[in-house]
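Structure, as structure tokens:
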Amino acid sequence: MLDKIVIANRGEIALRILRACKELGIKTVAVHSSADRDLKHVLLADETVCIGPAPSVKSYLNIPAIISAAEITGAVAIHPGYGFLSENANFAEQVERSGFIFIGPKAETIRLMGDKVSAIAAMKKAGVPCVPGSDGPLGDDMDKNRAIAKRIGYPVIIKASGGGGGRGMRVVRGDAELAQSISMTRAEAKAAFSNDMVYMEKYLENPRHVEIQVLADGQGNAIYLAERDCSMQRRHQKVVEEAPAPGITPELRRYIGERCAKACVDIGYRGAGTFEFLFENGEFYFIEMNTRIQVEHPVTEMITGVDLIKEQLRIAAGQPLSIKQEEVHVRGHAVECRINAEDPNTFLPSPGKITRFHAPGGFGVRWESHIYAGYTVPPYYDSMIGKLICYGENRDVAIARMKNALQELIIDGIKTNVDLQIRIMNDENFQHGGTNIHYLEKKLGLQEK
């Protein structure tokens with residue numbers, strides 16, 4: 001097993017990684033910015049290293065500082081968590097080149113799956129169903145581009161190859177706006193991702209977001225751990241996640257899961273990963289793969305009993321998968337609500353000092369967070385301050401537990417989205433299950449005209 005690792009992240013995921021390390025007897029090094037010296041995992045870690053000032057660019061995105069921290073503390077591996085450098089192939093490469101283990105896939109795998117065009121090509125080759133599209137980047141010949149759009153059928157969506165998180169995409173409903181949409185997406189992509197390659201896909205009007213969790217050891221073994229539904233979104237950011245996804249039959253789960261596991265073996269995948277799909281009219285369409293642990297991983301842990309972070313650590317230590325596919329069983333249902341420090345009306349971040357705090361509890365309730373009374377939420381980072389996960393023997397029980405837990409949760413001193421989460425849990429259509437990715441924005445009156 002790994003002797004000592006650097007946790008190259010902050011907030012709740014850093015604490016989650018620290019807990020898994022402690023259970024496995026792994027020593028921990030918490031790297032932090034000057035604004036984060038009071039974070040819970042920093043206070044609990046075996047060693048701490050301040051890697052720079054508050055802005056992420058100078059701390060959590062500062063590759064030389066993170067690698068130096070590993071060197072001076074004698075760590076053997078670096079866990080990137082999610083966000084920040086977790087899907088940065090150059091970081092993974094530099095970590096390995098410096099003699100450390102990157103807890104995640106190989107750099108070339110991150111590169112392959114990070115570029116949407118090469119990722120789609122690899123998935124098609126592996127037999128994973130994809131959205132009908134341009135099968136490669138779009139050129140400058142508008143006659144050819146119009147022909148592609150005609151073959152796919154309007155509406156289509158123009159996407160940046162290096163994009164993600166809802167950035168660098170445009171819906172086109174007819175020939176008249178095609179040329180302008182392509183050039184605008186190109187310009188945006190060049191500015192945001194330094195890569196102006198764009199491609200075209202069929203635009204699905206009312207899909208759900210369903211994703212498959214996978215684990216692969218890079219030694220020819222890969223398993224899928226059922227699916228999650230993350231359709232409750234605002235501005236392409238997930239708000240509520242659940243597992244399993246309502247209405248997905250065991251046959252459908254096996255069909256798509258086996259293809260994802262096979263794809264992992266085909267591309268030599270190592271670690272935890274997630275295949276994201278749009279799901280419409282009983283069909284799955286691959287959109288992207290996240291080559292890291294995800295925010296919503298706890299709902300999968302609750303229904304399968306598999307500790308995904310511990311599995312990541314074991315795989316990084318060179319161990320084969322500790323579970324076989326036939327040992328993965330789905331039991332019950334889990335729902336996760338992301339708790340954000342934000343104004344419930346404007347959705348603007350609401351940093352500040354937490355004056356009073358009480359975490360919910362009870363059977364089937366899990367609270368993943370780094371906050372405490374007296375903790376100051378800094379203005380420099382993502383607004384998520386916690387995740388509330390509730391488990392039940394079925395979906396109705398999980399939702400009922402979540403309603404109670406949300407009402408028990410007290411966070412005073414800052415504004416949060418707890419009331420919004422209560423509204424979602426009480427929403428009839430959500431309770432029925434199967435709402436699409438546009439539902440929450442329509443409910444909030446935010447749908448762009």
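For all residues, glycine too, the Cβ spot is worked out from N, Cα and C.
The active site annotation in Swiss-Prot covers R292 and rests on experimental evidence. The Cβ neighbour count for R292 (active site), using a 10 Å radius and every protein chain shown, is 25.
For E288 (Mg(2+) 1 binding site), other Cβ atoms within 10 Å of its Cβ number 20. In this structure, E288 (Mg(2+) 1 binding site) is part of a beta strand by DSSP. The ATP binding site annotation in Swiss-Prot covers K116, K159, G165, G166, E201, K202, Y203, L204, H209, H236, E276, E288.
Look at Swiss-Prot and you will find K238, R292, V295, R338 tagged as hydrogencarbonate binding site. The secondary structure of V295 (hydrogencarbonate binding site), as reduced to three states from DSSP, is coil rather than helix or strand. Neighbour list (V295 (hydrogencarbonate binding site), Cβ cut-off 8 Å, at least 6 residues apart, same chain): I13, Y82, K238, E241, R338, M384, K387.
Annotated Mg(2+) 1 binding site per Swiss-Prot: E276, E288, in sequence order.
The Mn(2+) 1 binding site annotation in Swiss-Prot covers E276, E288 and is backed by sequence analysis. Listed in sequence order, H209, E211, F286, I287, E288, M289, N290 are the same-chain residues at least 6 apart in sequence whose CB falls under 8 Å from the CB of E276 (ATP binding site).
Taken from Swiss-Prot, the feature Mn(2+) 2 binding site covers E288, N290.
Annotation comment: Swiss-Prot describes E288, N290 as Mg(2+) 2 binding site.
For R338, the entry in Swiss-Prot reads biotin binding site, with the evidence type experimental evidence.
The domain 'Biotin carboxylation' feature in Swiss-Prot is assigned to 1-445. Regional average pLDDT for the domain 'Biotin carboxylation' (1-445) in the model is 97.
Positions annotated as domain 'ATP-grasp' by Swiss-Prot, on the basis of sequence analysis: 120-317.
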Message: Need the DSSP three-state call for K116 (ATP binding site) to compare against my parser.
response: helix
Query: Highest CB neighbour count within 10 A among the binding-site residues K116, H209, K238, R338?
result: K116
